[in-house]
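Report on the structure given below.
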């Protein structure tokens, strides 16, 4: 259970709502709940995570109970329920990637960023975590970065260093 | 009415309505062949299939297609077919699988029966006593959660939960808006409201009655008494919200708690409203019907002091003495 | 080199665009199907082809289609399962990235055959780039009149949408996928009723894997009979194999079913042998869920016949000495890999991905992971090995969906074939932390079976 101390009121931009409107037309009349996952993805892309306030707003938009949104958001691992760094490095940690050194890459990332899995760097720019199979085992080891889930494959310690350096210079 | 179908469970044949589940067919026969059910609740639509304690073997699919089913099936969610033959307690495979399910249900259960209000009417307790093994092979830390008060009447102790989903169905089917649900995934799933929130509506108290374990308990009854020291009495009142048919649990003159009337399978006959359950705890609120019949197997029926010494023993001093010793021992436990 | 059916034009520059795809013979099957064939004739053609589900279960696709209920006045749906998340499998990602129109083409033909007016492609959320690719491809196809109202003047209408998942392996199970598509938690449904009767929004639904849908295109173009000529026995046609692990050339390969495993692993046409000149220790042949086999058993069956890449040959010997083709995700382990560590890794995966709905899987997967972790980190006991076998047995077959089986099989098979290595972890805990068990006898030629006199 989450204890919410301050309640921040948020309002979805009209552009975002327009995208929601487009999504719910994909389903038959009255089945708008099916739009929940794509809408949560949009919300996360906009705010960096899905806050309880945002979920309440989504529930109101889809005309469902807030708990139905919480249930779904906590089930799927892609949704962040806490604020994250601007760039979240998600490294695959499953079998085939580990055969070719994913564990080494994770240790290296931990050392380079100086934060443990799930934590955010002090400048708020980075966080990282191990995730389960990303279905790219032939290009292992791999990592992805949201919200567009850009893919980086055949990682080496050098290529990870380069990637972090590039991201640091990004605004 | 459509024609009845014939189904044989552990060698006993019964005619049931088409569409009946194997479990309900077995309940019509009754006795030891009824598979245990931790998550199925006949009054809650869509419940069942999750706990896997009611697994049975279908050794003959039907008269038309006599092939056996390849896997054990959940009897609560499998419909009977005409000529179906089912093995429950006559199948070693079923007994073994059930033992496995019980062990697995218990690995993360705190086994805190001595301090649990549900003890004595806990389905998990009965289940593990009947189908489990005495020792556990689990040697790791058990999953724990903090206790949460969902409003001032109900307490949620998630550590004891077996995730049967019954309380979720209650909220879905008896109330206008569900406020609690299953959060998280896998063995990190929990029943919760996500944001601390009281569950507040007329029928929310029924989650206590449907909970098979001590995860959802009545705060107004908490630590007041052991269920086997209280005396169940059927009573009714005119209630504008529900049917008002309840069981009152007395200790002396005092009504300690009010529950729905539970049948031999632990299911209430009618769901009751929160006013009946929490607000009307005086004898004068009720019309008393008489003592509630509780199965002689239940620990709740075990405190009948007046039965000792039994009449037949009165003539035999040796047996009288033995009976006294036995009684002392039993009352100590 | 065998003929490619799916990846024939994969190297043509710009094949991911509608125009290039069309110039290379794309969307011919849509024209043929909509203009000259009835829906039933298409289903018959797929039946004739012997095509089997490419997602892992290998159920005959034509038969699955013929089960679809067709009540009056109820919509029917086709849902493409692109929730590819089985460790070792990445063929669908490849196909959607490089030749998305093949999937769209297959979806149009299949939807027409099933009478679906709205179809969905459920793509795992992590594949956001592929979702964008598919959305663009759909827009192109719609622009060219292959989607939307009255396709090619045939009077058939079809809308096709891409639905993202949210990160859950379990949504690859068809009823969990349906739940997820409806915007709910991905808890598998209890069957019956099967999706063919009551699927998405309680309407009759067919769920098919990406590769299965794509394979419909060559079947319609060339005819089911031609397709059935490829392959061996009941394993007809071509199959995409995702090869990963310690190989010289990991990647996606389209093979005729029936290629010997040895040829696939070692020939330069395919994987090109084991990386860094090492020796092969073990292979998982069809994605992490299928039983792992030591090198000697993957190359030869117990009867000393060459093992082939086909549904039947890979499962030869049952679970005693065989495995399964599954989704075609082949993972190769070289001599320096630790089987205990890998088994723990897979157990962690299933523990993480269990939906938590039914008890044996929810609690059992976590238990197995903890015991395996203890073994791998040198605190194991000899009795742990039998405990694992027993817990796996308690999960297998007792759950709502096949995830329980998928979690139990890798553990049970690893202990069945690599028990020595598990025991060595218990007897030599210090050494096990520093070095690997090595190849041992896992690649030795199989002993000759003793002749039984009649």
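Glycine is treated like the rest: Cβ placed from N, Cα and C.
Annotation comment: TrEMBL describes A:92, A:97, A:133, A:137 as [2Fe-2S] cluster binding site. In this structure, residue A:133 ([2Fe-2S] cluster binding site) belongs to neither helix nor strand by DSSP; it is coil. Residue A:133 ([2Fe-2S] cluster binding site) counts 29 other C-beta atoms within 10 Å of its own C-beta, drawing on all protein chains shown.
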Chain-internal residues near residue A:137 ([2Fe-2S] cluster binding site), provided their CB is under 8 angstroms and they sit 6+ positions away: A:96, A:97
Set of same-chain residues at least 6 away whose C-beta sits under 8 angstroms from residue A:92 ([2Fe-2S] cluster binding site): A:102, A:130, A:131, A:132, A:133, A:134, A:136, A:140, A:141, A:142, A:143
Number of Cβ atoms other than its own within 10 Å, given for residue A:97 ([2Fe-2S] cluster binding site): 30
Local backbone state of residue A:97 ([2Fe-2S] cluster binding site), from DSSP in three classes: helix
